[in-house]
Amino acid sequence: MAELEGLEFGKSDFVLLDEVTMEQFMDNLKLRFEKGRIYTFIGEVVVSVNPYKHLDIYGKEVIEDYRGRELYENPPHLFAVADAAYKAMKRRAKDTCIVISGESGAGKTEASKYIMQYIAAITNPNQRAEVESVKNVLLKSNCVLEAFGNAKTNRNDNSSRFGKYMDINFNFNGDPTGGHINNYLLEKSRVVQQQDGERNFHSFYQVLRGGSDELLKSLYLQRDPAEYAYTSQGASASNNDSLCHKAVMAALKVIGFTTEEISSIYKILSTILHLGNLQFTSDGEHVVLVGEDTVKHISELTSTEPENTRKALLYRTVATGGGEVIEKGHNEQEASYGRDAFAKALYERLFAWIVGRINSVIEVKDYNPALHGKNTVIGVLDIYGFEIFDNNSFEQFCINYCNEKLQQLFIELILRQEQDEYQREGITWQHIEYFNNQIIVDLVEQPHKGIISILDEACLTAGKVTDTVCLDSMNKKLGQHPHYTSRKLCPGDKTMEFNRDFRIRHYAGDVTYSVEGFLDKNKDPLFQDFKRLMYNSSDHVLKEMWPDGKMSITEVTKRPLTAATLFKNSIIALVDKLACKEPYYVRCIKPNEVKSPLLFDDGRCQHQVAYLGLLENVRVRRAGFAYRQPYARFLQRYKMTCEYTWPNHLMSTDQEAVEAIVNQHGFEDDVAYGHTKLFVRTPRTLFTLEQERAALIPILVLFLQKVWRGALARMRCRKIRAIYTIMAHYKCYKVKAHFWEVERRFANVRNMADYGKSVEWPTPPAALMQFHRITQHLHRRWWARQLIKNIPPSDMAEVRAKVAALSALSGERVDWGYSRAWERDYLAKDSPLMSTNFVRITKELKNKDQYSQVLFSCSVRMLNWFNNTKDRALLITDKHIYRLEPKKHFKVQKRISLDTVVGVSVTSGSDQMVALHTASQDDILVHLQRGQLNPNQDRVGELVGSLTDHFTRHHIIILGETS
């Protein structure tokens with residue numbers, strides 16, 4: 001880092017100063033401010049000087065320069081400390097916090113916004129919608145809280161008038177999953193009164209100057225802030241209120257406020273402005289309101305009855321000891337006090353409700369550590385800085401007490417704990433003196449003796465106890481305290497007023513407080529009538545803000561804690577919360593009182609450097625060690641960088657293993673060995689180790705992936721082998737089971753009447769499907785053989801012909817004569833008169849043509865070319881087809897060799913038409929004549945079956961002879 005900025009910019013880390021003196025520190029700080037370098041390191045602490053101008057050092061390119069880089073790789077910047085906190089949270093799963101401190105106007109609020117901007121920019125690289133939504137709400141919440149919680153003061157145009165601590169929750173991936181905002185001590189007295197030159201909260205001016213005409217009309221408001229008592233003080237000043245109002249409205253919608261809720265918010269703001277304009281006058285006996293229209297407007301805006309509103313402003317309901325309830329009228333002073341108290345309470349509860357509403361949106365929902373991993377947190381603290389005004393009241397007392405507690409935390413963590421740890425670990429160390437402000441903290445918060453206890457005691461005392469009486473009590477009890485004084489204790493100090501002022505010597509300087517109003521602000525009284533009025537409002541948002549209004553006037557309740565005690569408890573809880581996190585500090589410095597980007601007030605800045613303890617911080621950091629880690633954790637993180645410690649060392653202790661790592665890298669002169677921890681002096685040593693570790697991690701990851709993938713592959717292989725073994729045995733079992741089942745079912749088929757035709761076959765496994773088909777075929781053949789062997793040889797020719805006809809005509813022709821006996825040679829049997837001649841002719845033809853048998857004969861009718869029909873006879877032998885003339889003693893008219901026949905065609909109907917196709921295309925078309933005794937006899941099937949059987953058998957014989 002030191003090489004990244006030239007010497008003309010000074011030292012970028014105060015630890016690098018030649019001599020640690022206030023003069024050199026201030027010279028370096030001033031040089032860097034004048035050169036536009038507003039950030040400087042003290043080790044891991046960032047010192048920030050308010051530049052009072054816009055600097056182009058927060059863009060996307062700058063964010064990328066700091067993303068994932070070590071703290072000392074780049075010049076000092078807020079982004080460096082934000083990234084360091086983020087890396088510590090993500091790498092070590094450790095909660096971290098960024099504490100931004102400094103006096104009012106030093107730039108704390110802007111610093112917190114830039115830190116939030118950086119964290120939002122570097123997270124959620126995958127652009128997951130739910131994470132983006134959380135980021136948007138976290139960023140937009142700043143805009144809303146600034147509008148309602150910030151105001152212009154004489155020292156700062158955008159001063160936070162409340163304390164804010166935001167926890168941002170991250171998942172194991174490092175993406176934000178939600179958050180929570182704590183607010184501390186809103187300066188509600190600013191609602192009704194401001195010092196000269198200051199303004200009320202921004203929200204009032206934004207709605208007046210930025211609200212639409214329709215909105216202002218519905219709220220009964222005028223655009224000029226000077227018209228209202230509560231805003232007239234800052235009416236002339238403008239902080240771009242109109243643009244800010246639009247931004248706040250947009251932010252409210254992004255966060256998730258409904259239209260009804262936004263309307264209620266601005267109704268409450270307008271109610272407060274109208275309350276400020278209420279005037280009271282006395283008609284002698286009673287106090288009356290001036291301007292009933294204003295009361296009607298307030299009633300309408302708060303959704304209450306006008307009469308109830310008027311009574312709450314003019315009367316107070318009191319319960320007597322006997323349980324009787326009476327109404328007591330106010331005097332003018334009481335009525336004005338009640339009005340202002342009501343206005344302050346309205347704004348305070350509105351602000352608390354807005355914070356709670358934001359928290360309800362951004363809180364982590366449905367979080368399960370087992371499912372989502374460890375939930376880590378980065379806390380960002382932006383709280384009011386140390387304040388010294390011309391008139392310092394109760395609010396400044398609480399604010400400065402808060403800063404004392406934060407300074408104490410800084411001393412504890414940065415100065416005292418560090419030196420104590422060196423002594424505890426046996427590290428050689430020269431003790432550095434520093435101012436411990438515990439004595440000032442005790443002055444304020446010590447039980448029974450501190451200022452807050454004295455204030456509470458005065459508030460609880462019966463009777464009329466005034467601020468002056470309380471001051472006298474403080475003088476008596478604290479008169480000997482070295483950090484407390486008053487005019488009574490120092491009569492010669494004319495800078496304080498008798499019976500009014502007291503002074504505390506804070507770590508940041510002496511502050512004189514006016515005790516006037518301390519008791520009232522501590523008691524924070526508000527008449528119960530106002531609480532009941534708001535609780536009974538028909539506006540459910542307003543009613544939600546006043547749950548305590550449901551109590552009856554006669555109901556006895558426990559006395560509430562005072563404002564100071566509540567604030568003290570919340571600050572102690574805050575400090576405890578910060579102390580359990582790894583802290584990162586941003587120390588803000590205000591260069592001048594006139595908000596000039598050019599002026600560097602040496603005296604003013606030196607005072608801040610002194611009370612912030614920055615010089616002591618430099619001395620401790622310079623003399624000490626930047627990094628320390630228990631041996632076991634250091635070894636666990638860096639053991640892969642040394643051959644003697646990877647993967648596991650064989651040395652007697654972890655300390656020896658750590659020494660081996662350090663010696664191998666040559667860092668012996670930059671470390672010290674404690675009893676339980678290793679101390680590293682410079683961050684560069686750690687940075688070198690981190691670089692080497694980062695280079696080795698991918699190699700180790702690849703190695704682990706290789707080993708793991710091999711293990712997975714072997715496990716998968718063993719599983720697959722086991723699966724195949726089980727499958728093989730199971731298949732074998734299924735095959736055997738199928739065989740056994742088939743054997744069982746078909747064991748007795750020989751003795752069955754149908755030879756097992758009715759037996760249902762079991763479903764075979766997939767591996768036996770082909771075997772199953774073959775087995776079924778074999779069974780059918782066996783079954784057929786069993787049937788055929790009982791048929792006489794004389795009937796076999798008919799059976800074969802019918803089987804052939806079945807295969808040829810099945811599904812084609814409904815009736816083909818399968819149910820009757822086939823005679824074949826019908827000409828020899830139909831007519832006794834003609835049969836004698838036919839038999840004689842067949843003998844002659846048999847002698848002449850040498851045929852073996854008659855396949856078919858039948859009387860037919862033929863159709864000639866002239867559409868004339870003639871009766872003829874058809875004789876088919878195993879050699880020829882003959883067409884005979886019956887009337888001429890069966891004279892042969894035509895002889896065709898059977899071998900020339902290539903096909904037979906029949907119709908699908910019941911007619912007896914047959915076409916015999918020849919190779920020479922000399923086809924024969926005939927109509928078979930049915931017998932005289934059987935006129936419905938179908939002979940087409942017999943002809944087709946006889947020819948099919950003959951050709952089938954003849955073809956098989958030829959193939960057999962050929963082979």
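Every residue number used here counts from 1 along the chain in the order it is shown.
Just so it is clear, glycine is given a Cβ too, placed from its N, Cα and C backbone atoms.
Since we're looking at a predicted model, the values are computed, not measured.
If you look up TrEMBL, you'll see 9-694 marked as domain 'Myosin motor'.
The ATP binding site annotation in TrEMBL covers Gly102, Glu103, Ser104, Gly105, Ala106, Gly107, Lys108, Thr109. Within 10 Å of the Cβ of Ser104 (ATP binding site) there are 22 other Cβ atoms, across all protein chains.
Sequence-distant neighbours of the region 'Actin-binding' (571-593) (same chain, 6+ residues past either end, Cβ-Cβ under 8 Å): 29, 33, 42, 44-50, 52, 78, 81, 84-85, 88, 94-108, 111, 115, 155, 163, 165, 182, 184, 377, 379, 381, 385, 401-402, 405-406, 408-410, 412-414, 445, 599-601, 604-605, 608-609, 612, 614. The region 'Actin-binding' annotation in TrEMBL covers 571-593.
The domain 'TH1' feature in TrEMBL is assigned to 811-963.
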Which same-chain residues, if any, lie at least 6 apart from Lys108 (ATP binding site) yet have Cβ under 8 Å of it: Ile100, Ser101, Gly102, Ser160, Asp382, Ile383, Gly385, Val586, Cys588
Within the region 'Actin-binding' (571-593), residues counted as helix, strand or coil by DSSP: 9 helix, 8 strand, 6 coil
Other residues, Cβ within 8 Å of Gly102, Glu103, Ser104, Gly105, Ala106, Gly107, Lys108, Thr109 Cβ centroid (ATP site): Asn50, Asn156, Ser159, Gly385, Cys588, Lys590
Cβ neighbour count (within 10 Å, all chains shown) around Thr109 (ATP binding site): 24
Cβ neighbour count within 10 Å of Glu103 (ATP binding site): 25
